């Protein structure tokens with residue numbers, strides 16, 4: 001452990017010995033990504049990161065808090081120098097500490113599986129000399145933190161399971177509590193933690209099933225089952241909610257990601273939309289002036305819009321249009337986004353006294369504030385979506401095309417059939433009275449004649465709840481002006497009347513979690529992205545850092561010998577397991593029952609940990625990198641000493657075989673060490689190597705080693 005900590009301390013030691021290196025050892029690769037979120041935490045600015053839950057970011061932000069980071073740094077370029085206000089040491093402290101603690105946790109895990117301390121020492125040495133794990137723990141990244149919580153969860157559960165008979169032991173339940181907490185923290189750091197959590201739940205379910213069938217525990221069986229469920233299922237769920245609660249408490253200011261959220265969510269943040277909408281009337285009334293925002297944020301958040309431009313008489317494909325005024329969805333705030341809610345039975349365009357609220361089921365007309373055209377749809381094909389109806393601002397060309405501008409208000413989140421349409425809070429479908437079409441954002445972009453704005457259509461085959469067909473009032477005022485000129489000035493003035501509307505935490509959590517799971521940035525091919533099949537044999541690498549003036553550099557490259565041994569150990573384990581399983585089926589027991597159970601448990605934890613942390617990536621449609629493989633690799637490395645001890649104890653019988661196998665083990669450990677030493681310049685960034693020495697380290701043609709031109 002001291003050796004590993006000293007290796008982790010190399011970073012800080014060298015930073016103090018070489019001040020120039022401290023400036024040049026810059027945010028590398030994903031530090032640019034995570035650093036921007038740390039800055040936003042320091043400034044209490046709201047953001048969304050679809051890559052994972054907020055706990056990991058909060059842990060990194062804790063490092064910034066410990067170093068008195070003010071958040072003032074522009075994380076926009078890999079290789080830019082850190083300024084003096086960025087506490088590099090504290091930002092990287094927690095990942096380094098977690099990476100260091102993974103070594104003793106690996107030792108404890110092997111011991112809890114029932115193997116010898118000598119075997120556990122071998123496991124810790126393999127983790128200690130794994131270059132990829134060292135590199136990943138030296139920067140402001142989350143993978144070492146994730147692996148730490150995964151190992152802690154498994155070790156704690158195995159320790160709990162070992163004390164199964166000691167029902168009254170406080171330590172037993174503390175280990176279970178620590179396991180459940182660690183599972184929650186692992187999932188809270190990265191969604192990848194869910195894979196090991198589900199594996200652990202499956203293992204716990206099997207053990208609980210055995211407890212139910214154990215007649216010696218009949219008096220406490222029910223308590224055992226209930227406590228396990230509460231600690232391993234309910235408590236992690238509550239902790240997960242707690243992470244979001246703290247996240248939303250900390251980030252209370254409006255930020256760059258507001259537009260992805262609903263109007264109600266935006267209005268709950270300090271600044272931004274809340275500053276614009278502060279004081280708006282709550283209840284929408286006949287005569288209200290409103291902007292209508294689409295509940296869908298795909299492809300962009302936008303508002304119902306119209307302008308003084310008509311649809312072309314004929315489109316490029318030869319189809320004709322009504323040549324009436326265009327109605328679109330515009331992704332920017334604009335005065336042409338304002339509409340007036342009109343009562344079809346009255347001519348008045350102002351709010352009466354007292355106001356007459358619009359309720360669910362009411363029939364309304366929507367008058368465009370700046371052009372005085374009614375929102376209309378009819379049996380004419382939409383320009384980009386010919387299966388849907390065209391939506392227009394009605395112009396009477398006296399060509400036997402009467403106005404069809406009546407809309408029924410359908411409040412989808414209503415509490416009663418006479419619910420009042422509320423600003424921001426109500427989600428509304430506008431259903432065309434004549435054709436039953438629903439006003440909907442198609443998502444298609446109009447050509448140049450439509451100024452590349454988004455198409456709005458009337459969908460006659462609309463079924464169920466779709467966000468693209470739901471709208472909410474975002475900005476709102478009670479209209480008072482009768483004349484058009486006065487009304488145009490009124491539309492450009494700020495809103496009034498202070499009304500408070502705060503979302504509950506659960507409403508915020510559900511919306512934020514849904515956005516994180518469904519909103520995806522456009523995936524682009526990255527220079528260092530890779531496929532899961534390339535990870536097993538390490539056919540790829542990632543350049544993390546390059547010195548600005550020489551060949552010193554840091555790469556995510558693993559210990560090739562360890563990776564080869566891990567693959568070999570997995571293959572041997574599967575072969576042993578299948579052989580034993582088939583022979584046991586024929587009532588041939590080559591090893592005692594206790595050894596078989598030990599081997600199965602080790603397989604579930606180590607081989608199962610590799611499977612659940614590796615195979616899901618084949619189903620993911622996202623940009624993947626080599627570091628995604630590290631949790632699976634960690635479990636696979638722990639498989640090596642397990643297989644070695646089993647072969648030594650139960651397969652190889654004679655002293656001569658033991659002696660020869662011991663020599664093989666020693667040679668393998670020496671090879672691991674020499675490989676670690678060979679690649680250490682790419683692990684620690686020094687010493688600087690010549691171009692010839694770097695070329696010699698390119699063991700695979702697919703590795704991208706950087707050479708600086710002299």
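A Cβ is built for glycine as well, from the same backbone N, Cα and C atoms used for every other residue.
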Kindly point out the range from 56-74, 170-188, 265-283 that TrEMBL annotates with transmembrane segment.
170-188
If you check TrEMBL, which stretch out of 1-28, 225-252 is marked transmembrane segment?
225-252
Give the range, chosen from 138-158, 285-305, that TrEMBL lists as transmembrane segment.
138-158
Transmembrane segment range according to TrEMBL, out of 34-53, 194-213:
194-213
With Cβ-Cβ distances below 8 Å as the criterion, list the same-chain residues six or more beyond the ends of the transmembrane segment (170-188) that contact it, or say none.
53-56, 146, 149-150, 152-154, 156-157, 159-160, 163-164, 194, 196-197, 200, 227-228, 231-232, 235-237, 239-240, 243
Which stretch, 225-252, 561-582, 594-615, 627-648, 660-679, tops the Cβ pairs under 8 Å count with the transmembrane segment (138-158)?
627-648
Where, among 93-118, 194-213, 561-582, 594-615, 660-679, do we find the most CB pairs under 8 A to the transmembrane segment (225-252)?
194-213
Using a Cβ cut-off of under 8 Å, list the residues of the same chain at least 6 residues beyond the transmembrane segment (627-648) that approach it.
102, 106, 109-110, 113, 115-116, 119-120, 122-123, 126-127, 130, 132-133, 136, 141, 143, 146-147, 150-151, 192, 195-196, 532, 535, 542, 556, 558, 562-563, 565-567, 569-570, 572-573, 576, 595, 599, 602, 605-611, 613-614, 617, 658, 661-662, 665
For the domain 'MIR' (281-344), jot down how many residues DSSP puts in helix, in strand and in coil.
3 helix, 30 strand, 31 coil
When you check the transmembrane segment (93-118) against the transmembrane segment (594-615), do you get at least 3 Cβ pairs under 8 Å, counting only pairs 6 or more apart in sequence?
yes
